[in-house]
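What TrEMBL says about this protein:
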type	residues	note
ACT_SITE	SER199	active site, charge relay system
ACT_SITE	ASP328	active site, charge relay system
ACT_SITE	HIS361	active site, charge relay system
DOMAIN	119-243	domain 'AB hydrolase-1'
Amino acid sequence: IALHWCSTVSKPLIIHANVPFMASIQAHCPALARPYLPPPLLGNPHLMCMAAVALRRNPQLPLRRQLLSTSDGGLIALDWVFPTSTLYRCVPADGVCTTNGAEVSVSETKARITSSKGVVLLLHGLSGSSSSKYLQNTMELLLKEQWTCVVMNARGCGGLTLKTGQMFSAAWTEDVRLTTKVVAALLNDGQPLIAMGYSLGGNILTKYLGEEGEATPVSAAVTVSNPMNLMKASVHMERWLQRTLYSRHLVAGLLGYFRFNQEPLLATGRLGPLHEIEAAKSVMEFDSKVVVPLFGYRDNTHYYEDGSSARLLHNVAVPLMIIDAADDIITGGPMCNIKDATAAVDANPNLLFVLTATGSHVGHLEGLAWRGAAWSDRVVAQYLDHVLHVGPSSKWVNR
C-alpha cells in the first residue's frame, strides 16, 4: 500500500503561456508548487470517486434562495451564502429579501456583498444541485476566505420543477448568460465576479465564456473535471466498466430528473413513448431519447459537437484555470493532452491547465483529513487571491 501511495504522489503539471499573470501563478498558489498528496488508501481512481460521493463530509450550509424568472417563462434557483453568515431569500414580487424572518432591502444585500472580496458563481455537474457535497465543501472554504458564494441550480434541479418544456443540457448557456448579468449587477465597482464549474457545469461555463468573449461580466473562471470533448467522454462511458459502475448511477439521476419534470417535458410533443425513455440504460441512450429531440438536434453526434466547449477555448477572453486528472474515470482522462493543451495556450494565453496524475472525477481528496476541502479547493482559493492581487481587469494576462 505504501509503495502504491508513493507512486501516486507527484507535482501537478502546469501549462500556461509566458505572460506575467500566468507566470506568477505558482508564486501565489503554493499548492501548485508542491506534490498533490492523495489519501493513502484512495490512490485508486474508483475508490477516490466513490469516497468523494459516499464518505465526504457535507457541511450543509444554510443557503437562501433567489428565484430568477427567464424570458421564456422558466425559473432558475440561485442559492446564496455570505461569509458573514447573514443569509437571505429574495422575493421577486416586491424586491424585498428575508433574513431569518426579518426583511432586508436589496441595498443592504449589496452592502453585504461589498464587505466580501467578491462573488463566486458555482455551476454543478450532471444531476447535481447546491446541496452537492463538492460544492458545499468548496463554498465552506471560500466563505472562510471572505468570498460570497452563489450556486445556479440548473432548470429542474435543486427541488424546483420545470415551468416550461425547456430543460438544461450540455450546450444550453442562456441561463448562465442571464445569471451572470443579474449577479454582476449586485457588485460594486472593482469587485470581481468569479465563475466556477464542476464536471458538466464546467463544460457549460466554458462554452458560455467562449461564446461571449470579452462581453462577459465574469472576471476569471475555473473548471474542475470538465468533459469539454463530449463525444470522447460519452464513448468512454460506454465501456463495460464505466457502464457497470457509473453509467447506471448517472442515468438513474437523469431519469429521476425526467420523472420529476415529466409533465412539461412530455407536453412539448417532441418525445417518444414514455416506456422507451424509461428503458434508457446509459447517458448516451437518454441523450438520444430526450435531449436530442427536445433541442432539435439530428442525433447524439450533432448534440455533442455543438455542446463541446473545447471548440471555443480559443475565444475565452478571461483567465480560465482548467483542473483535470489523468485518471478521471468519467471523462477518460484529460480532455486536452499535453500537446493539445500546449497548442491551446499558444493560441489563447488566457488558458491555464493544471493536470494531475491522480484525483479521479471531481475528487482530488487530500491527505488524512480528506473528508473536507479538497486539494482543488485550496488551489482555487489561492488562485482567487492571485486574481485579487493583480487587480480587477479583463486583460490580466497582459500584465
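Residue numbers in this text run from 1 along the chain shown.
A Cβ is built for glycine as well, from the same backbone N, Cα and C atoms used for every other residue.
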Cα distance (Å, whole number) from HIS361 (active site, charge relay system) to SER199 (active site, charge relay system): 8
Protein Cβ atoms within 10 Å of HIS361 (active site, charge relay system), excluding its own: 26
Secondary structure at ASP328 (active site, charge relay system), reduced by DSSP to three states: coil
Neighbour count (Cβ, 10 Å) for SER199 (active site, charge relay system): 25
Structural state census, the domain 'AB hydrolase-1' (119-243) (DSSP three-state): 51 helix, 22 strand, 52 coil
Arithmetic mean of per-residue pLDDT over the domain 'AB hydrolase-1' (119-243): 94
Residues that sit under 8 angstroms from ASP328 (active site, charge relay system) by C-beta distance, when 6+ apart in the chain: PRO45, SER225, PRO334, GLY359, SER360, HIS361
